[in-house]
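Engineer: Just dropping this structure here.
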Amino acid sequence: MLKAVLERTIGSKSKRDLKDYLPTLRNINKLERWALLLSDEDFSKETEKLKDELKSGNSLESILERAFTLSREAARRRLKERPYDVQIIAGLALHKGKIIEMKTGEGKTLSSVQAAYLNSLTGDGVIIVTVNDYLAERDSNWMKPVFDLLGVSVGVVLSNMDYELRKAQYAKDITYVTNNELGFDYLRDNMRYDLNEKSLRKFNYCIIDEIDSILIDEARTPLIISGPTEGNTNAYLEVNSLVSFLKECSKDSKTGDYPLEIDDLDGDYTVDEKAKRISFTAKGLNNLEQLLVSKGIISGSMYTDSNFNYVHYMTQALKAHLLFLKNREYIVGDSGVEIVDEFTGRVLTGRRYSDGLHQAIEAKEGVRVANENKTMATITFQNLFRMFNKISGMTGTADTEAKEFHRIYNLDVVVVPTNRLLARIDEDDTIYYTEEFKFNAITDEVYKTYKKGQPVLVGTVSIEKSEILSAMFKSRGIKHEVLNAKNHSREAFIIAEAGAKHAVTIATNMAGRGTDIKLGGNIEHRVRKKIGTNVSLEEFQEAVKNEREDYLKDYNEVKSLGGLYVIGSERHESRRIDNQLRGRSGRQGDPGRSRFYVSLEDDLMRLFAGDNLRSLMGKLGMATGEPITHSLLTKSLINAQKRVEDRNFEIRKHLLEYDDVITKQRDFIYAQRNSILEDTAIKDRILIALEEYLTFLLEGAKSSTVSNVFLNEVNLIFAYMLEGLGSIENINSLDLKAKLMQIAKANLDEKENSIGRDLFNGFLRYEYLRNIDSKFQEHLANLDSLREAVYLRSYANKNPITEYKEEGFLIFSELIKDIKVSTIRRVLQLKLDSNSSNFKSVKKSKNVNSIHKELSGIVINENKSVSNVQVVRSSPKIGRNEPCYCGSGKKYKNCHGKS
């Protein structure tokens, strides 16, 4: 209430920001005459002048107006597009570190040019993040002529580039890259064994396109780099055959809820569709154990170490069957099970669900079950982008999430007014009792509109729903196109024609499509259809000029029919996704219309609003099969969406609290790695670490004599090197420490002399980094297990996040100690063979996958170099189940132990 009163009195924060930019806008407009008189050659000279001013101590604010004026004129000359005043305002907001909300077709891409150019002048680099490779490449090529004229370099990072090319692209003044590639490059850089192989430079300023998609929709799914592990893939096939033997608990027929008392649960498991969780009852666990034993899958108790994983396998199998549906969450293609992005409807090529879920789905669908992966490095987008000195973003729909942007990222949203008034008519929702009645009504409405000639875009939430509607349209003789994950290769063609007369398009989620639907169709696409692609640029431009008259005729005809009619076949969980669908109509002042058709059987209604709406519809006198349209119902739907959005916000906030623990630890580990990569005297670092560890052990002793703990640790570290010291139990502890340090120094000096200082330093660096990486990977797995364990402590009235922080700190302290001790032990106990005079460069390769959890996949090769040192073992033999000495990450018996 207070917020509403304040906004009426002094205006919203967004409106106040807009007013603050007006004086600067007026000054930029006045400077246009100066820019018009410049020759093309003058632009790069002016850029150098601005850079010199910054070097002499001036601020970005002091050169802002000239920089914006130059970039505006450069766009006019190279793109034949002069940025509107609203686009200049958007650029100012981006420079100030705000999120701009601009409607579809208002020119977000061009708005970013001014802010990117200004901030690139510091020489620290600007990164522009997009949601896919296509948009990164398109936007960089589109804006390159502008940046070239201004004399600043522009690059693009694509998924198929190697690290050398990536490094060159990141070194440019302005770099376009996807959020996934940027995140994986950060993780990969912190797994390198050579400083020269790092591709990124220090994070400075970042502009995020479709910022709501990246920082909100994808915030629940961390990026993960993973490697293969020895998993029991056959177990997923075994438990898949048991799904039908287990029964879900009965629900109350009126409320649709399970009984509150545990004793009243009559089945084996419960299903939480909202949280996508399966929970076994005590009875269910007993039945599962009996099934596993009777089928010969296990012998003995299910609760032994070797058998307990079957509870996890069975849980994932039930999830796969009950919560993850074909043609909704995934499709089965030539590559097996492929995940469909719930927000964009695109296939997420190469990605896999984590934690065995993908294997469970593969078993369900009867395709080859691949091995599980282990986490090697991970980060969330939230913490990735919080590392930048300044971030800003662009989207067509951010205002609904303004609270979250401010609370999590300290980013304010500025709603930029449209250049022309919005002419689209947004109708109230039409609501039906059943999905069947709803689909029939949509088909009738589309048929009427199709016959009239008005283009229609029908948005669906899944492939399954798009195919149902497609079949119904076909039976009515409605010619149409379907855009979903199964035929995404035709996306450009389908979108180009979606605004033409009589066009009917069914699309699964239009979020992040990145292409405007133009009334009358796309003129460039029309020309390409007529003259083909094998023509010169001049011939193409001439053909476009000749086609313009016919195109304008078609444009005006479609405009007179009412423009693009957008029909939503279902409300999405997020209002933003609905607004993005609506936003495809009414671009740049064009007419348009939108309406959502909803049924009480839709997922959103069933899970979050069903009972309330049923009651309200009864009061409004609605009969089964009859539609009803009322502002109260639309408000009720929006309130249901708000509840889901609030719930999802809490999930993202919760994830961030846990990830903040990992972030502090990851930052420490990565700082250690960087320090070691730069260190030219790692021998001294190891000796210091040894002395600190021996001191730590002695501090725990109660007398001047050595303790058993001290003796055990010393024997583990020094092994054969203690020969000749006699009985060390009787030596004074301080004297023993001094002798041990002498032995260690002599040991390392001898090895250094045998192969040379530089080569030895490289060997030590490799060993130190290898130990850091392998131990940190184990640590990440331990944190995963800890997180699951503390979740259950909430039942004992304990705060899970507090427990996680406290215990996470303890195991991290152990990790730091383990890294040092295992490194010291290894470098001391290995003898280097100095007989080989030719130490060639060796590459340490690992197969690792880049994963977006719950998604995963994309196999990449990490090459980690270190000079070749022949190693001869003369200390205790490696156990068959210990990690192999080569650093492959495999057990010794499965690697060099085979031979």
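Here the Cβ of each residue, glycine as well, is placed from N, Cα and C on the backbone.
Pulled the feature table from Swiss-Prot, pasting it below:
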- Gln87, Gly105, Glu106, Gly107, Lys108, Thr109, Asp516: ATP binding site (BINDING)
- Cys884, Cys886, Cys895, His896: Zn(2+) binding site (BINDING)
Engineer: What does DSSP say about Asp516 (ATP binding site): helix, strand or coil?
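Structural biologist: The residue in question, Asp516 (ATP binding site), is coil (DSSP, three-state).
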Engineer: For the recorded ATP site formed by Gln87, Gly105, Glu106, Gly107, Lys108, Thr109, Asp516, which further same-chain residues have Cβ atoms within 8 Å of the site's Cβ center?
Structural biologist: Met102, Thr104, Leu110, Ser111
Engineer: Using a Cβ-Cβ cut-off under 8 angstroms and a sequence gap of six or more, which residues of the chain neighbour Gly105 (ATP binding site)?
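Structural biologist: Sequence-distant Cβ neighbours: Asp516, Arg587, Gln588.
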Engineer: Just how many other Cβ atoms lie inside 10 Å of the Cβ on Lys108 (ATP binding site)?
Structural biologist: 24
Engineer: What does DSSP assign Gln87 (ATP binding site), in three states?
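Structural biologist: Gln87 (ATP binding site) sits in a helix per DSSP.
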Engineer: What count of other C-beta atoms do you get within 10 angstroms of the C-beta of Glu106 (ATP binding site), across all chains shown?
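Structural biologist: The answer is 24.
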Engineer: Tell me which of the binding-site residues Gln87, Gly107, Thr109, Asp516 sits in the most Cβ-dense spot, judged by other Cβ atoms within 10 Å.
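Structural biologist: Compared across Gln87, Gly107, Thr109, Asp516, the most Cβ atoms within 10 Å surround Gln87.
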Engineer: Three states by DSSP: which one describes Gly105 (ATP binding site)?
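Structural biologist: Assignment for Gly105 (ATP binding site) reads coil.
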